[in-house]
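**Student:** Take a look at this one; I'll ask things after.
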Amino acid sequence: MRIEEDIKLGFKDVLIRPKRSILKSRSQVNLARCFSFKYSASIWSGIPIIAANMDTIGTFEMVKSLSKFNILTAVHKYYSFEEWKNFVCLSSKEILNHVIVSIGTSNIDFLKIKKIFLLSSELKYICIDVANGYSEHIVSFLKLVRDYFPDKIICAGNVVTGEMVEELILSGADIVKVGIGPGSVCTTRVKTGVGYPQLSAIIECADAAHGLNGQIISDGGCTVSGDIAKAFGGGADFVMLGGMLSGHKECSGDIIEEKSKKYMIFYGMSSVSAMQRYEGKIAGYRASEGKTVKIPFRGGVDSTIRDILGGLRSSCTYVGAEKLKELTKRTTFIRVTEQENCIFNAFKE
């Protein structure tokens, strides 16, 4: 047993210090990024936000909406091959270029993804997704996928420490997904006592990844656009969103009406709801590590995306970053004990 004495930080623990700027308007800020990758020869350009590969968020409908903003969607792994086939046949090149195909680490997953990628050469991205990226099994599976798909852009996770980021990159990942327990409907930290505050995880993992010409995705913990700015400021190359995109018509799930108000169900992928839906039961050796919540229906996702992007542009303006790429080097974090004046929060409409 050992104790690390330095305090690790989450988004609520800091603010970004404003700096002198020559920008006259938020409209001058360019949020697009362009990345090359360690293994894949592909070049990616777009706004580096990703819809999470949760079954309620990473849907084909979400792909169609977010592709208009040049934003990626990590499509969840529970679609059948036939559903993939129908989607690919009916989708344009522009839409398919914004799809990340998510898989688990079983032999069935591997066989399925091989079939999916035969459907179109426009599919370029793979996300190997498990809750615990510290398993030797994900490393061996990653090597298998990299050998079979040498030209695809592969991300793998989730981890929260630099040494495992390095392990995954050296084993074939172009991008590593960072985050254990910060999600809005995740209870892993309280159920297991395991986790890492997200901002510190980003800072440490970005340093490890960039030293090997890799990238990271910050996965989880963002509740407002300011948190997304902090993630980019801390060194994240991409930011993955789940809860912030929930409750929209592009999400899967029924709309529930109660007392003339509409709601949607949103749940974590290790929750009772998810396990009962896909496995039929909770295995005797497992515990739920997720919540199920009922959230107000918010209509189409477009207005939410515009609000997020507007907040990001404003963040860049406050520190003088003309491009999102410049935000990290323009960011100075200050430790704080407060974030906002909450006096009227109870009166929000």
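From the backbone N, Cα and C atoms, a Cβ is placed for every residue, glycine too.
Okay, these came from Swiss-Prot:
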BINDING   108-131, 216-239  NADP(+) binding site
BINDING   Gly181, Gly183  K(+) binding site
ACT_SITE  Cys186  active site, thioimidate intermediate
**Student:** Could you round the CA separation between Cys222 (NADP(+) binding site) and Gly183 (K(+) binding site) to a whole angstrom and send it over?
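**Tutor:** Between the Cα atoms of Cys222 (NADP(+) binding site) and Gly183 (K(+) binding site), the distance comes to 8 Å.
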**Student:** Measuring Cα to Cα, how far is Ile216 (NADP(+) binding site) from Gly183 (K(+) binding site) in Å?
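**Tutor:** Spelling it out, the Cα of Ile216 (NADP(+) binding site) and the Cα of Gly183 (K(+) binding site) are 17 Å apart.
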**Student:** What number of additional C-beta atoms lies within 10 angstroms of the C-beta atom of Gly181 (K(+) binding site)?
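**Tutor:** There are 24 such Cβ atoms around Gly181 (K(+) binding site).
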**Student:** What is the number of other Cβ atoms found within 10 Å of the Cβ of Gly183 (K(+) binding site)?
**Tutor:** 26
**Student:** Round to the nearest Å and give the CA-to-CA distance linking Ile228 (NADP(+) binding site) with Gly183 (K(+) binding site).
**Tutor:** 13
**Student:** Relative to the Cα of Gly183 (K(+) binding site), which of the binding-site residues Ile108, Lys114, Ser120, Ile126 has the closest Cα?
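**Tutor:** Closest recorded candidate to Gly183 (K(+) binding site) by Cα: Ile126.
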**Student:** Name, in the order they occur in the sequence, the residues of the same chain whose CB lies under 8 A from the CB of Gly234 (NADP(+) binding site) and which sit 6 or more residues away.
**Tutor:** Leu199, Ile202, Ile203, Ala206, Ser218, Thr328, Thr331, Phe333
**Student:** Between the Cα atoms of Lys114 (NADP(+) binding site) and Gly181 (K(+) binding site), what distance do you get, rounded to the nearest Å?
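**Tutor:** Cα of Lys114 (NADP(+) binding site) to Cα of Gly181 (K(+) binding site) measures 30 Å after rounding.
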**Student:** Is it possible to get the count of other C-beta atoms within 10 angstroms of the C-beta of Ile126 (NADP(+) binding site)?
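**Tutor:** Result for Ile126 (NADP(+) binding site): 27 other Cβ atoms within 10 Å.
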**Student:** Go through Ile108, Cys186, Cys222, the listed recorded positions, and name the one with the sparsest Cβ surroundings, counting other Cβ atoms within 10 Å.
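**Tutor:** Across Ile108, Cys186, Cys222, these recorded positions, the one with fewest Cβ atoms within 10 Å is Ile108.
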**Student:** Have a look at the binding-site residues (Ile216, Ile228) and report the one with the fewest Cβ neighbours inside 10 Å.
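**Tutor:** Output over binding-site residues Ile216, Ile228: least Cβ neighbours within 10 Å is Ile228.
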**Student:** I'm trying to understand the geometry here, so how far is the Cα atom of Ile108 (NADP(+) binding site) from the Cα atom of the residue listed as 'active site, thioimidate intermediate', in Å to the nearest whole number?
**Tutor:** 26
**Student:** DSSP on Ile108 (NADP(+) binding site), three-state: which is it?
**Tutor:** helix
